[in-house]
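Novice: I'd like to ask some things about the structure below.
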């Protein structure tokens, strides 16, 4: 790969989170517990949706895919971030840096489209309940999932093909604990102004546009429900509140990371941790504790577990 783009840089230097040994142990414990929660929480949702026939509906199929993507997105950075805490020099190879950037944007693009698909699903369920089964059938659900993956891959490739061919011959300090397009592009030995604009437009403005589109769609749903029946407004708001929370958690850090012109390292690190650690661990909690069907399934599973223990 180095020969392809004429690069003399074979590795990049990542930024350590802290130099304090006590803080390193604290962060190691904190991130390890959260990553374990990300794995267990998101896999619980995926396997619950797969093995419980009551949850074989578009809403929960999309939710299971969102959980799978959250796990994948977190896994692109968190394991390495944990292992680098006690490393004297955080080095990542050129190839691994490129792969990390690519998969961050694939999973991020897929999650973006899944959130749009979930908003569309809720719109049909709340505003057109009589047509829900006709519109949101299995084919439509499969189409939305496939479209999300195609969009995610296209989003990543459209930036990756330009970055992989840049000449890297000078500084190699990324200035963050992970590789990402905006930081790596600045290390190239050429004028990258136009490419930086492309990345900002691709990741930043699309994130911002999608965020406002989703918020407007949720407001439209609530207004529509209020016009038909004000007594159902609180129920609709309760249903949508979990989706709105997930949208805020995912998109606000993205908009800051890709649109903010001069982010400080501390804020940059904070919002990156929110996207890679906090959001993936909170999504399962939000989606299960705020969802009646998931609570019923959890209660049923716990009762089956108690009965199994009594039998054995």
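Cβ coordinates are placed from backbone N, Cα and C, and glycine is handled just like the others.
No curator has checked TrEMBL annotations; they are predicted automatically.
Pasting the relevant annotations from TrEMBL:
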TRANSMEM  25-50  transmembrane segment
DOMAIN    41-259  domain 'G-protein coupled receptors family 1 profile'
TRANSMEM  62-82  transmembrane segment
TRANSMEM  102-120  transmembrane segment
TRANSMEM  141-164  transmembrane segment
TRANSMEM  205-225  transmembrane segment
TRANSMEM  237-258  transmembrane segment
TRANSMEM  270-289  transmembrane segment
Novice: So what's near the transmembrane segment (205-225) in sequence-distant terms, Cβ-Cβ under 8 Å and 6+ beyond its ends?
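Specialist: Result: 112, 115-116, 119, 122-123, 126-127, 155, 232-233, 236-237, 240, 243-244, 247, 251-252, 254-255, 258-259.
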Novice: Give me the mean pLDDT over the domain 'G-protein coupled receptors family 1 profile' (41-259), rounded to a whole number.
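Specialist: The answer is 88, the mean pLDDT of the model over that range.
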Novice: Using a Cβ cut-off under 8 Å, which residues of the same chain at least 6 positions beyond either end of the transmembrane segment (237-258) come close to it?
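Specialist: Distal contacts: 66, 108, 111-112, 115, 118-119, 122, 126, 180, 182, 199-200, 203-204, 207-208, 210-211, 214-215, 218, 221-222, 267-268, 271-272, 274-275, 278-279, 282-283, 286-287, 290-291.
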Novice: Below 8 angstroms Cβ to Cβ, which residues of this chain, lying six or more residues outside the transmembrane segment (25-50), approach it?
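Specialist: Tertiary neighbours of the transmembrane segment (25-50) are 17-18, 56, 60-61, 63-64, 67-68, 70-71, 74, 78-79, 81-82, 85-86, 277-278, 280-281, 283-285, 287-288, 294, 297-298, 301.
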